[in-house]
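The annotation transmembrane segment is assigned in TrEMBL to 20-41, 61-81, 93-115, 232-252. Here TrEMBL flags C153-C186, C154-C170 as disulfide bond.
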Amino acid sequence: MYYYRYENAEINCCYKYLMFSYNIIFWLAGIAFIAAGFWAWSEKGVLMDLTQVTRVHGFDPVWLVLAVGGITFVLGFAGCVGALRENICLLKFFSGVIGLIFFLELTAAVLVVVFQSQVRAWINEFFLANIKGYRDDIDLQNLIDSVQRMNACCGAQTPQDWNQNVYFSCDENNRSREKCGVPFSCCIQDPADLVMNTQCGYDVRRNQSEWSKHIYTKGCIAALEDWLPRNLYTVAIVFVVISLLQVSKHLLLCEKAQGFISVRTLT
């Protein structure tokens with residue numbers, strides 16, 4: 001026969017409800033992310049035809065939203081129920097996953113520093129693959145436009161990378177009105193313009209000498225490389241703070257888990 005007893009009468013009440021309140025926010029956030037992901041899929045008709053999931057040639061941002069939502073939901077649920085019911089199994093699960101996430105973050109950071117050239121090449125290939133699928137998915141399109149506008153860049157390395165998209169290609173067989181152009185997010189916007197001209201990138205790549213007057217000429221990979229050194233301390237501080245929060249939660253949960261002592265007796 002097995003039974004459990006506490007070293008103390010119970011887990012500290014303040015700690016228990018503080019942890020419950022903290023994790024219920026993540027639990028609700030996980031539900032919100034999952035709902036947003038399925039809403040995005042319903043708007044694109046994916047829920048009516050699941051084969052559309054495999055038709056996107058680039059990265060579908062909805063997958064990331066659903067993955068983050070799923071992980072957040074599971075962790076939030078385990079933390080809430082584990083703290084409220086003082087369930088040692090759920091608390092250990094929660095603590096273990098938090099520790100694993102911290103380890104993966106640390107490993108990823110080290111790998112990025114050690115294999116910089118390989119990471120740069122992978123990001124370049126990833127960006128080019130998504131340029132090809134730019135018109136295939138509205139969420140991917142909005143993501144690329146946001147990246148280009150926020151970083152004042154165009155294409156992976158140069159605006160000429162948009163030649164790999166069938167709609168913007170300069171191929172003589174291309175009958176698209178966007179032939180030899182770039183998306184509007186590549187255009188240099190006049191601050192005085194109240195309405196964005198979505199056709200500003202039409203035919204712009206036909207005359208390379210005029211690029212700098214109308215569009216951003218820096219590639220987004222180079223823009224990212226320029227952004228990181230300027231914001232290195234900010235990125236490092238955010239990473240350290242997140243890591244310390246994860247480690248502190250992990251250690252606190254481990255400490256509380258030791259308050260449960262399993263005793264075997266024979267009857």
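Placement of Cβ uses the backbone N, Cα and C atoms for every residue, glycine included.
Note that the coordinates shown come from a computational prediction; the quantities given were computed from them, not determined experimentally.
Structure coloured by features recorded in TrEMBL.
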residue	record	CB count, 10 Å
C153	disulfide bond	26
C154	disulfide bond	29
C170	disulfide bond	14
C186	disulfide bond	26
Legend entry - Distance, C170 (disulfide bond) to C153 (disulfide bond) (CA atoms, angstrom): 20
Legend entry - Inter-residue Cα distance where the pair is C186 (disulfide bond) and C170 (disulfide bond), in Å: 17
Legend entry - Residue pair C186 (disulfide bond), C154 (disulfide bond) - Cα distance, angstrom, rounded: 5
